[in-house]
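As recorded in TrEMBL:
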DOMAIN    246-378  domain 'GGDEF'
TRANSMEM  12-32  transmembrane segment
TRANSMEM  39-60  transmembrane segment
TRANSMEM  66-87  transmembrane segment
TRANSMEM  99-115  transmembrane segment
TRANSMEM  121-140  transmembrane segment
TRANSMEM  152-174  transmembrane segment
TRANSMEM  186-206  transmembrane segment
Amino acid sequence: MTQIFTDNWALMNFSILLALTCAQMVVVYAMIDANNPPAGLGLYTVFFMASLMGWIAYLLQQGSLPGVGVDVTMVAAILNSFILYMAAGQRSGDTRGRTVLGAVCMGAILCVFFFPPDAMLLILSGTIGISALATALLCLQRSVRERNAGDGIIAGACTLLSLGMAASASGVLAGLDSSQARDLQFALHGVYYALVVVGFLASVLIEFQQQLSQLSTQDPLTRLPNRRGLDESLHLTLAAAARHAHSTAAVLVDIDHFKTINGTFGHEIGDRVIQQIARALEHICRNSDVVARTGGDEFLIILPNTDLESARVLAERVRESLADYPILVDQQRIALSLSLGVSAAIGEVDIDALYDDVDKALYTAKQGGRNRVASVNHQPLQMNVGSRQA
Ligand SMILES: Nc1nc2c(ncn2[C@@H]2O[C@H](COP(=O)(O)OP(=O)(O)OP(=O)(O)O)[C@@H](O)[C@H]2O)c(=O)[nH]1
């Protein structure tokens with residue numbers, strides 16, 4: 001058994017990496033939305049495929065596979081380090097340094113034709129070391145920015161490779177046998193490659209999970225919070241209002257006759273109208289206010305630290321700003337109006353109760369002829385001991 005392994009260790013190593021890559025790619029490709037693939041997927045796939053080619057070349061060179069000896073592992077290793085740099089750059093949205101690093105890698109590859117293998121080993125170590133370090137920085141940056149540990153694993157793998165390349169190069173300079181240095185680099189590449197495979201899978205899975213959890217709190221059309229997102233973002237604000245007995249106001253905004261807009265201009269234009277109104281509401285409201293999409297053509301604005309009168313003023317401003325100027329979508333002017341319901345409560349606020357109030361007020365505005373603001377005073381439920389209701 002030991003004999004079989006030592007005779008075929010390079011082949012077994014390749015088989016494990018091949019199985020790992022195929023399993024990972026099957027999971028990633030089965031999971032993704034073909035219309036919206038994860039950033040950098042194409043280049044990562046090229047990297048994995050090119051790396052496998054490199055391993056095959058290595059096996060041919062080692063005589064582990066039948067065939068002629070082909071010495072392309074160095075070229076493949078340098079090329080792959082650059083492909084991974086581009087893939088990491090595409091994924092993190094940072095494409096700086098491509099030309100410079102590409103020129104360095106190309107120069108190093110051309111050296112194969114002019115330098116003896118020992119000198120090439122040093123050139124390879126230096127080039128891959130620099131390339132891996134640059135990739136590590138890109139992945140680290142994305143890992144911190146996107147809170148994605150998968151990119152952190154890739155950054156770790158690249159740092160390890162970079163340090164290993166520096167160690168093996170200094171070993172050669174200090175008199176280490178170049179075939180031993182090559183073996184060390186081969187083993188290092190195995191660990192690095194396996195870590196990149198695992199890291200990329202983890203990165204895509206984490207991103208997928210983040211998108212799912214965002215979908216549960218965010219409306220995909222307008223990117224505004226939905227009802228659940230609203231509850232989450234108001235948690236602290238409402239606690240502060242309860243503690244300091246501040247007034248919290250709510251405004252419910254509904255587009256009048258939106259069915260007709262959809263019917264006249266089409267659903268797609270209807271979507272764009274909803275998006276424009278969302279942006280307009282965000283623009284009119286303060287940063288401390290929370291604008292949410294709570295229904296098809298309905299938006300709820302929560303105004304912390306605001307009384308009923310101020311909320312009515314804001315609601316009127318919203319109504320006027322959209323009623324007075326038609327919305328421009330795809331060169332078409334769409335005239336529309338809004339109905340708004342307003343309410344406010346002091347101290348501890350139950351968003352559901354406040355929503356019931358603004359919904360009643362909105363109903364009044366619609367009944368009153370639309371394109372208007374109506375308000376109701378919030379009546380908190382009070383329970384006195386010994387009496388039925390107060
Ligand atoms: N384009 C588009 N339409 C939507 C979306 N969500 C809901 N709607 C449509 O919005 C319309 C909402 O209609 P209602 O609120 O019932 O009525 P309305 O026509 O606005 O009339 P009033 O509210 O009584 O003034 C429905 O026709 C829905 O199909 C969406 O995301 N995009």
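One-based numbering along the chain as shown.
Each residue, glycine too, has its Cβ placed from N, Cα and C.
The helix, strand and coil residue counts that DSSP assigns across the domain 'GGDEF' (246-378) are 59 helix, 39 strand, 35 coil.
For the transmembrane segment (99-115), same-chain residues at least 6 beyond its ends with a Cβ under 8 Å from one of its own Cβ atoms are 74-75, 78-79, 81-82, 85, 123-124, 126-127, 130-131, 134. Highest Cβ contact count with the transmembrane segment (186-206) among the listed stretches 12-32, 39-60, 121-140, 152-174 falls to 152-174 (criterion: pairs under 8 Å). When each of 12-32, 121-140, 152-174 is checked for Cβ pairs under 8 Å to the transmembrane segment (39-60), 12-32 comes out on top. Fewer than three CB pairs closer than 8 A are found between the transmembrane segment (121-140) and the transmembrane segment (12-32), and contact between the two stretches is not assigned (pairs 6 or more residues apart).
Over the domain 'GGDEF' (246-378) the predicted model carries a mean pLDDT of 93.
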